[in-house]
């Protein structure tokens, strides 16, 4: 017994010695290393947050001016409806190419093809080009049959395929430009597979290009047929509301430049070709083309009241993949084009500053990174370090001001603002990760996953008896990264409630709950693979 007691006592003494040693090391390194490092990170994040606030405030002032004085593009640029000439007839209309790139779009291909074929434009002055990259032979057959059906009605529609998917969407659009009939066209309109332009789309957009030779692009606004499908689609609509109502409008009004949205727009063919055509070096081929054309001096016009119906991703997996592409691509493009923009001789210093600082650095880098790092990592960590005090303006005033400026244009969803804030913070995790992947060209930098469109399929599946008993694999619905961050925030919230004095626990516990909701897959609609 004495031997056992002695051994136990020795173990306890050893454990106590190790604990004391670790505690001594922590006390020695805490102030000069941990505290100082966290303080530096906090101050950097607060400075970046202030930069984001100034950017949002600037755009808020510009958009207030636009709305107050009703600065519509029809007043800034010449716009007159096109009419047939008595001698030339319909030949006075420019020849227009309409491109519809798609890949395995079984649920929505008929919508875009049908809408494009119903565009109000002289039949002998338009080509409808369906670029089918589908990997499923059955879907290819369906799309080709749909094209033949419209061709039998007298529509000038072309069904084009290729041997591979090199370059994804950019590659398909580039290959589409190589056909001989394209050389006859002076303008090209682009619609993704779920977009449904109104019949008068060309009649309202083309006149800007015809009457103003300096304009290279006309961009329409997206509106969504499934915005009310679930809470996630409602929150996406809020984010898009700010993007179109503020970002695109301000870019068009103040700088005659904005990022092409990749669809629901019309390009002047000479502007597209002069910029070097479609490139597949990033996952944002649309923004790449817009920046290159903008550096050549072409002006862009955004028409807010010209709307095109489309579909929002309603599954979290589809939305997450889309956001990865839209966050990684711009960061990677910034890496590739920063020096090219800085050394460009064709545009003013002011426009170069706008592109590098405002368009790329603040909106595409800072906006993603500071949201997650500051509000989901750094501020929660300060709870354990009482020496670091986060200023009130950094935790309340600036975030509140940015939020109020961000929700401008989403009046009908104001009651969802708290849910929107929490969800956006969750999504900032993926956007930050994607941004760094793009900046450092690592991992999934060139990953392209087609955004899943459900069309009417979800209604059909919901009504089927097969879905009454949902069975799914854990990996389909559980997201480990969100759960890990949720546990971190939950611990920080508990610690602040029990021992802290900051009263951050209200936000931290709510944010932890949001991460758990997403982590366990209870956001968006859920459609099992089977």
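The backbone N, Cα and C atoms fix where each Cβ goes, glycine too.
Whatever TrEMBL says is automated annotation, not expert-curated.
Among the features that TrEMBL reports, transmembrane segment is placed at 40-66 (among others).
As annotated by TrEMBL, domain 'Glycosyltransferase 2-like' applies to 187-398. Averaged across the domain 'Glycosyltransferase 2-like' (187-398), the predicted model reaches a pLDDT of 95.
Per TrEMBL, the feature transmembrane segment maps to 365-385 (among others).
Summarising the annotation, TrEMBL assigns transmembrane segment to 397-423 (among others).
The transmembrane segment annotation in TrEMBL covers 478-498 (among others). Non-local neighbours of the transmembrane segment (478-498) in the same chain are 376, 380-381, 383-384, 426, 429, 504-505, 508-509, 511-516, 518-521; each lies 6+ residues outside the stretch with a CB under 8 Å from one of its CB atoms.
Sequence annotations record features per position, and here TrEMBL assigns transmembrane segment to 504-527 (among others). Residues 229-233, 313-316, 319, 375-376, 379-380, 383, 395, 422-423, 425-426, 454, 458, 461, 470, 472, 476-483, 485-487, 489-490, 492-494, 496-497 of the same chain lie 6+ residues outside the transmembrane segment (504-527) yet bring a C-beta within less than 8 angstroms of a C-beta in it.
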Q) In terms of Cβ proximity under 8 Å, which residues at least six beyond the ends of the transmembrane segment (397-423) contact it? A) 46, 49-50, 52-53, 56-57, 59-60, 63, 231-232, 234-235, 237-239, 241-242, 244-246, 375, 510-511, 513-514, 518, 523
